[in-house]
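Below is a structure I'd like to ask you about.
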Number of protein chains: 2
Amino acid sequence: MGQITTRSPFTPDSLPRLLPIEGVRFATAEAGIKYRSRTDLMVAVLDEGTTAAGVLTQSKTASAPVLLCREHLKGGAARLLIVNSGNANAFTGKKGREAVEITVEAGAKAAGCAAGEVFVASTGVIGEPLDAGKFAHLLDALVRDATPDAFELAARAIMTTDTYPKLATRTARIGGVEVAINGFCKGAGMIAPDMATMLAFIFTDAAIGSEALQALLSEHVETTFNSMTIDGDTSTSDTCLLFATGAAEARGQARVTDAADPALADFSAALHDLMRDLAIQVAKDGEGLSKFVTFVVEGAESVPAARRIALACANSPILKTAIAGEDPNWGRVVMAVGKAGEAADRDKLAIWFGPYCVARDGERAGEYDEATVAAYMKNREIVIRVNAGVGEAAAHVWTCDLTHDYVSINADYRS
Amino acid sequence: MGQITTRSPFTPDSLPRLLPIEGVRFATAEAGIKYRSRTDLMVAVLDEGTTAAGVLTQSKTASAPVLLCREHLKGGAARLLIVNSGNANAFTGKKGREAVEITVEAGAKAAGCAAGEVFVASTGVIGEPLDAGKFAHLLDALVRDATPDAFELAARAIMTTDTYPKLATRTARIGGVEVAINGFCKGAGMIAPDMATMLAFIFTDAAIGSEALQALLSEHVETTFNSMTIDGDTSTSDTCLLFATGAAEARGQARVTDAADPALADFSAALHDLMRDLAIQVAKDGEGLSKFVTFVVEGAESVPAARRIALACANSPILKTAIAGEDPNWGRVVMAVGKAGEAADRDKLAIWFGPYCVARDGERAGEYDEATVAAYMKNREIVIRVNAGVGEAAAHVWTCDLTHDYVSINADYRS
């Protein structure tokens, strides 16, 4: 990792300021799991009554922490989140399960809660045994010293190849009472639908039952984190957890237990907006990227079909390298649409690069001017829009280009 | 294309010598379709009685020539093949269909055959109108002057980003009579199952009915051209055609019309071997490659499941860049197996890099020695074997690594 010094061109000038959320406290530590001279351990301490929801990787080789989260989500209650970076504790067999058990046991003791209320996430190298002994003894002090205003420190502690921490904050009203939503995430490579190697943690003081919370999270994941891809790879560790402390109940917010309750409309919109913000931040920190790219597919038979066409574009190495080279090679868009396997009418297909129509009715547009579109390709943010010509459904996917730096970063990750 | 000078490290020292096949003659020309100072037009003139079989791209945006071949294959007879490089005549709408019609009409006239006996293939840039006027007038002379011993010239005329021509030859016996099979192909990028941007043409003097010929070709495509991927992209133009002139009938070969006829066993094996040879030559000329990689997946639930797992590995950018960096990052193999979506037992999974077992029973192998496996990664040919631990089925996929040169080549293809 030492050689990765290039920062994303989309590194924000300043980070959003996240105000404390009642009922959540954070602490971080340098546990020396893999990295030196940086934090690699983060805990979030949650007040009693916190509900939990989660979306986890669909990988068939999911990590030990993912399996634990899946199990503990059934309880719907959370008191402690423990996250380490540097080691994914994935494909570590019996030792991996034991490391998770040691962590959970030490965490439950430190937080004075049930084991089922402890959540764990790990990110980093796959296949190396994780030594829980490196950090289990730190948990007592971390839980004790956790503070509410440490969102940025928490976000930094979970980074791996990220070049900047990713944070977002929103407010919403539930029945006239203002609630806050804060979130942070990590992820820069091995990012694709099914959550990739992304870890995302979202916290709110709203009082929402765990089933309703789960319904909202599952719905919004589709159009946010699952509509974003860096390289089409899916990690063993992807975890998105949403915690609601319920502290707003003391301020008069009536607890909501049905996701369809109109009282949640504003909250749902704000949550979606925050998740969208975080997903775009991940795509804008794609390993080695020089451009942020949005593929919009319209005129498809169904929303899943539109998303699959957009993903075929967003995961095409040959199209992504053309974008890196600022080449308006729209023929490769035609290729990617064709390979998606979804219905598309070759003779009605239309393609736009930004505002410029490059093809319509299945051939090059009459007004196409190579120099104009080539000039557009010099932008840092590129929007490519496709109309498949067979229906009304639409979807988008965010991604980035494929550059020399991507190869450099991933050819030598472990050294 | 001018900047692409690096030759594949697998460029053969010498090309195989292909002897003439009775009933086939070739001619090439510099038609100036896109390239200058090189041949870009090839015709194969086939004797009367030639049967034809083909496998074509599954792309939903298939090129005009692909649609024509699909139509003409229904007749099962061929007299002329016309191939151009430099322009794929894909996504060219009505103009594209017209260019094909002009080509076929001129070809049929030149060869004195029916339009339905003319086959056309095009490869190169997508979306640019192809001007058939550049070469239709050349067809008379090409058909007249075609010679039987021009396989290498023919193979060179259809190249695009290939760094060497790809040729193979085999012989087989059908009922005691020796027949020959010669083939050549092109393809270096945008190569993936469904035939990618590959053009492959195979010729034999055997006398085999078109239905039997089609059955053999379809069967062998699965484990040869469709078990090879460069970048997971699928082109609009992929075409594999097999022509049998039947000239061996005059030497006493009894015509075979049933693919299951035991008389075809030796021919079928030789055809498979030739197609395998050509497919490997394509993978070994993958754009920018430094290593040839074979993924072998065993212990899967079914052959398609095994192939999908192997393809998930072979199309993973993050795994392919690790291989380029000579990093034995087997954790990324675990990731790729997990993302394939096929059954795999995480706790029985085993992985080998060459002869070295790096993981078994779902965790790092006890004997794993990083230095030993890192030394293995310095080889030019890498074999990675996975046992999914759930069944008996196996499959392989050939591919190459993902390098800086791949990015360079594709970032600026059109300039």
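Cβ from N, Cα, C; glycine included.
Per TrEMBL, active site, nucleophile is recorded for A:T197. The substrate binding site annotation in TrEMBL covers A:T160, A:K186, A:T197, A:E287, A:N410, A:S415.
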Can you tell which of the binding-site residues (A:T160, A:N410) has the fewest other C-beta atoms within 10 angstroms of its C-beta?
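A:T160, out of the binding-site residues A:T160, A:N410, has the fewest neighbouring Cβ atoms within 10 Å.
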Looking at the binding-site residues A:T160, A:K186, A:N410, which ones have a CB within reach of chain B, meaning under 8 Å Cβ to CB?
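Listed binding-site residues passing the 8 Å Cβ cut to B: A:N410.
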Sequence gap of 6 or more, Cβ distance under 8 Å: name the residues on the same chain that satisfy this around A:K186 (substrate binding site), in order along the sequence.
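Spatial neighbours, sequence-distant, of A:K186 (substrate binding site): A:S85, A:T123, A:A155, A:I158, A:M159, A:T160, A:D162, A:P165, A:K166, A:M198, A:L199, A:A200.
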Within 10 Å of the Cβ of A:E287 (substrate binding site), how many other Cβ atoms can you find? Include all protein chains, please.
30
Which secondary structure state does DSSP assign to A:N410 (substrate binding site), in the simple three-class scheme?
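Its secondary structure by DSSP: helix.
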